[in-house]
Amino acid sequence: MPRPAVFLDRDGVLNQEVGYIHRLEDLQLIPGVAQAVRRLNDAGWFCCLASNQSGPARDYYSIDHVHALHHRLQELLAASAGAVLDAVYFCPDLSRPEGGVVADYAGWTTWRKPNTGMLVAAAWDHDLDLSRSVMVGDKATDIDLARNAGCYGILVQTGFGDRVLEGSYQHASQPDYIAEDLAAAVEWICTHLAPR
């Protein structure tokens, strides 16, 4: 039977929002994030990273660098609280009008948020029920992705979340819940939704 998942954006949700991360050591967890992910692990949720990462398309760094950043993220989560991301999905693509310059990644794709490609692929790969799943992010595109995929959408106020709420970043979105940070989002998830 398909199970639900918690999909997590990366920058501004799990790690500090510092723009494009060129050095591995600049990827730093937001305080309390590892414990929040561990709580989801312990409660039986499938935890999956779902993140737009256009650095390779913009020619800022290689796809291998993105993989190294995700390896560091997993190491920090494990070292801090024994937390685990069960799967990692990301979109390195960006269309040319949006700034994509590297031919291999400069195009439109169903994987780039708010399109549903990453979540549909994860659902297929891991037998997930999107209608009972949650997308947690700090941008309007995360909430739009949740709507497009039929998931619950939680906007965290870390990263760009406050600017989304003010209407000064992207467009107004209507999340199912607004949380101060990932720990508060996980509290809401564990109180209102069941992982099975």
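Any Cβ shown, glycine's included, is placed from N, Cα and C.
Annotated features in Swiss-Prot:
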ACT_SITE  Asp9  active site, nucleophile
ACT_SITE  Asp11  active site, proton donor
BINDING   Asp9, Asp11, Asp138, Lys139  Mg(2+) binding site
BINDING   Asp9, Arg10, Asp11, Glu17, Val18, Gly19, Tyr20, Ser51, Asn52, Gln53, Ser54, Arg112, Lys113, Lys139  substrate binding site
SITE      Ser51  site 'Stabilizes the phosphoryl group'
SITE      Arg112  site 'Contributes to substrate recognition'
SITE      Lys113  site 'Stabilizes the phosphoryl group'
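Neighbours of Asp11 (active site, proton donor) among the recorded positions Val18, Tyr20, Asn52, Ser54, Arg112, Asp138, defined as a Cα within 10 Å of its Cα, are Val18, Tyr20, Asn52, Asp138. The maximal spread of the substrate binding site, taken as the longest Cα to Cα distance among Asp9, Arg10, Asp11, Glu17, Val18, Gly19, Tyr20, Ser51, Asn52, Gln53, Ser54, Arg112, Lys113, Lys139, is 20 Å. Nearest in space to Arg112 (site 'Contributes to substrate recognition'), taking C-alpha to C-alpha distance over the recorded positions Asp9, Tyr20, Ser51, is Ser51. Long-range Cβ proximity for Asp9 (active site, nucleophile), meaning a same-chain Cβ under 8 A and a gap of 6 or more residues, is found for Leu49, Ala50, Ser51, Met135, Val136, Gly137, Asp138, Lys139, Asp142, Gly159. Asn52 (substrate binding site) carries a strand DSSP state (E or B). Using a 10 Å radius centred on the Cβ of Val18 (substrate binding site) and all shown protein chains, the other Cβ atoms total 13.
There are 24 other CB atoms within 10 A of the CB of the residue listed as 'active site, proton donor', with all protein chains counted.
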